[in-house]
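TrEMBL annotations:
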type: ACT_SITE; residues: T194; note: active site, nucleophile
type: BINDING; residues: R222, I223, G224, D225, T244, G245, E246, G247; note: substrate binding site
Amino acid sequence: MGKWAIAVHGGAGIDPNLPVERQEQAKQLLTRCLNLGIAALRSNVSAIDVVELVVRELETDPLFNSGRGSALTEQGTVEMEASIMDGTKRRCGAVSGITTVKNPISLARLVMDKSPHSYLAFSGAEEFARKQGVEIVDNEYFVTEDNVGMLKLAKEANSILFDYRIPLGCAGAAVTDSPLLMNGLPISIYAPETVGCVVVDREGRCAAGTSTGGLMNKMMGRIGDSPLIGAGTYASELCGVSCTGEGEAIIRSTLARDVSAVMEYKGVGLQEAVDYVIKHRLDEGFAGLIAVSNKGEVVCGFNCNGMFRGCATEDGFMEVAMWE
């Protein structure tokens, strides 16, 4: 029997002016999710089940950008995406373009368990969800008043907003002053709030899951890194990884898979592998990740000013943090 470990994240890149109240809300949510996962692991729930359980909790709370509270497209609607992977046999499931499924991570799990495919999107994924009997809600359920206001700001700035929960006074200045680019085009505030969870259980089984609403004011049909196996999510017999940050940079670097690959091919441990990919694989992009190993290790890494994150191990270590 090995030792379990768990980590959760709520996005990499945090505005320094984020109000203390918002910071405390984020810490409380991450702590609640960690405790939920810890209780399940102590009851010998499998890694893949714990990942789904924790990400569902994150999707249900509107604080971060997944499920209820997801970022809005340029048309004011929500298009969500998620993926989940079981490292034992490298089984995976992913969905994109989800508009009515209350918990996209559970639909991704059903794609893995109940379909012959690994990835379903848009109308096909929605039809599969109805056949599987998952909970369906109107798209309006995911739309919050805060996000409607931030979409208006993004449209006025003709930009894509990453952190759409920063008060308008803070965000307004950053929209005009920010030199950040994505694929050569201007963006505003760098603080995406994708959510994710990685777990290794007492059997040494690793799993990972990631869920997001994407970017505020994104183009209809845009797909980021979160549902892409090997980019935003990856799990193998060695580790489980969930990424967050600039999706296009994560996709180019196949960031999550690279952590496992460095461990496999270079024969290094989890910490060294995470450090290597964060330093050498992101080029000019900004991102972060959480990872666990089959030895019960847990590591968080990022190359920006902060990442909403929490982690715990069977040895009694527990941490919830935001900044470096």
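Yeah, the Cβs are placed from backbone N, Cα and C, and that goes for glycine too.
Automatic prediction, not curation, is the source of TrEMBL annotations.
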Taking the residues R222, I223, G224, D225, T244, G245, E246, G247 listed for substrate, what is the greatest CA to CA distance in Å, to the nearest whole number?
16
Looking only at Cβ atoms, how many others are within 10 Å of the one on G245 (substrate binding site)?
29
Near D225 (substrate binding site), which residues of its chain come within a Cβ-Cβ distance under 8 Å, counting only those 6 or more away in sequence?
A231, G232, C243, G247, E248, I250, I251, L255
